[in-house]
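Okay, structure first, notes after.
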Amino acid sequence: MIKDERWEGVYSFEDSPYLMETLTNLRNVSTENISFRKGLVRLGRYMGYELTKTMEFEEMHVQTPLEKTKGIFPKDRSNVVIITILRAAFPLMEGLIKNFESAKVGIVSASRGHAPDFKIEMNYIKVPQVTPEDTVIVSDPMIATGSTLIHVLKEFKDSKPKRMMIVGVLAAPEGINAVKAEFPDVEIFVTKIDDKLNNDGYIVPGLGDAGDRAFGEPFKVSMLPQMHNLE
């Protein structure tokens with residue numbers, strides 16, 4: 001894990017050949033949906049493991065079949081809330097939660113409009129109560145403009161959680177700057193920080209639309225009435 005000196009509390013995993021190999025497969029335009037999903041799960045599991053190293057542990061004593069010995073207890077891991085942004089973040093969350101099995105999970109449905117305003121619409125939010133003892137982890141594969149994440153983080157600002165983290169696959173510097181301007185204390189963990197955003201708000205070189213690549217392209221809304229009329 002590498003601390004990026006351009007910002008406080010921003011880390012990447014560019015020093016991990018294993019994750020860089022996984023990312024290479026995700027970038028490949030020929031990678032199929034199932035392989036893409038598995039790659040996101042893999043990244044989530046690895047990054048979740050690394051996150052546990054940043055949490056507090058308490059010393060404890062445990063009785064083995066032979067004698068007592070010292071061990072550790074994860075103090076923070078029992079107070080984790082994972083927030084998943086539909087739909088691309090589901091596989092990433094699946095990997096994360098393997099390291100935080102007692103975590104509470106919240107779901108947010110948010111969509112970003114087109115350039116130039118990139119308007120954010122939050123259509124659905126169902127999250128557990130957050131307390132000052134909790135660590136909130138927001139999983140979103142792509143930190144592009146940062147607008148969606150800012151909207152989500154605002155939902156928890158008044159709860160004053162102990163820590164707020166973002167876990168993603170790729171980030172653009174523009175997105176990190178936007179998030180940090182609103183939430184300077186949020187911690188950001190991504191596999192890699194890419195070069196920039198293009199005019200359409202996509203990360204470059206990026207990996208395309210993570211949701212479509214993980215689950216397939218969705219039906220157009222105009223097709224839904226036709227589906228309802230099918231007998």
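Glycine too: its Cβ is placed from the backbone N, Cα and C atoms.
As written in Swiss-Prot, here are the features:
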| type | residues | note |
| --- | --- | --- |
| BINDING | Lys38, Gly39, Leu40, Val41, Arg42 | GTP binding site |
| BINDING | Arg87, Arg112, Asp140, Pro141, Met142, Ile143, Ala144, Thr145, Gly146, Ser147, Thr148, Asp209 | 5-phospho-alpha-D-ribose 1-diphosphate binding site |
| BINDING | Ile203, Gly208, Asp209, Ala210 | uracil binding site |
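Feature map: annotations from Swiss-Prot on the structure.
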{"residue": "Lys38", "record": "GTP binding site", "Cβ contacts under 8 Å, 6 or more apart": "Pro91"}
{"residue": "Leu40", "record": "GTP binding site", "Cβ contacts under 8 Å, 6 or more apart": "Leu26, Ala88, Pro91, Leu92, Glu94, Gly95, Pro141, Val169, Ala210, Ala214"}
{"residue": "Val41", "record": "GTP binding site", "Cβ contacts under 8 Å, 6 or more apart": "Pro91, Leu92, Glu94, Gly95"}
{"residue": "Asp140", "record": "5-phospho-alpha-D-ribose 1-diphosphate binding site", "Cβ contacts under 8 Å, 6 or more apart": "Ile85, Ala88, Ala89, Leu92, Thr148, Leu149, Val152, Ile166, Val167, Gly168"}
{"residue": "Met142", "record": "5-phospho-alpha-D-ribose 1-diphosphate binding site", "Cβ contacts under 8 Å, 6 or more apart": "Ala88, Gly168, Val169, Leu170, Ala171, Ile203, Gly206, Ala210"}
{"residue": "Gly208", "record": "uracil binding site", "Cβ contacts under 8 Å, 6 or more apart": "Val29, Tyr202"}
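Reported as a whole number, the C-alpha separation between Arg87 (5-phospho-alpha-D-ribose 1-diphosphate binding site) and Asp209 (uracil binding site) equals 11 Å. Other C-beta atoms found within 10 angstroms of the C-beta of Gly146 (5-phospho-alpha-D-ribose 1-diphosphate binding site) number 26, with every protein chain shown included. Neighbouring residues of the recorded GTP site, listed in sequence order and excluding Lys38, Gly39, Leu40, Val41, Arg42, comprise Thr22, Phe36, Arg37, Leu43, Gly44, Pro91, Gly95 (Cβ within 8 Å of the Cβ centroid).
Distance between Cα atoms for Asp209 (uracil binding site) and Ala144 (5-phospho-alpha-D-ribose 1-diphosphate binding site): 11 Å, as a whole number. Remark: of the binding-site residues Ala144, Ile203, Ala210, the most isolated position is Ala210 (fewest other Cβ atoms within 10 Å of its Cβ).
By a simple count of nearby Cβ atoms, those within 10 Å, the most crowded of the binding-site residues Arg42, Arg87 is Arg42.
Applying an 8 A CB threshold to same-chain residues 6+ apart, the list for Gly39 (GTP binding site) reads Thr22, Leu23, Asn25, Leu26, Thr31.
In the three-state DSSP assignment, the secondary structure recorded for Gly208 (uracil binding site) is coil. Taken residue by residue with DSSP, Gly146 (5-phospho-alpha-D-ribose 1-diphosphate binding site) is part of neither helix nor strand, so it is coil. Between the alpha carbons (Cα) of Arg42 (GTP binding site) and Gly146 (5-phospho-alpha-D-ribose 1-diphosphate binding site) lies a span of roughly 23 Å.
Same-chain residues with CB within 8 A of the center of the Ile203, Gly208, Asp209, Ala210 CB atoms, the uracil site residues themselves not counted, are Ala88, Pro141, Met142, Tyr202, Gly206, Leu207, Gly211, Asp212, Arg213. Of all the binding-site residues given, namely Thr148, Asp209, the one with the smallest number of surrounding CB atoms inside 10 A is Asp209.
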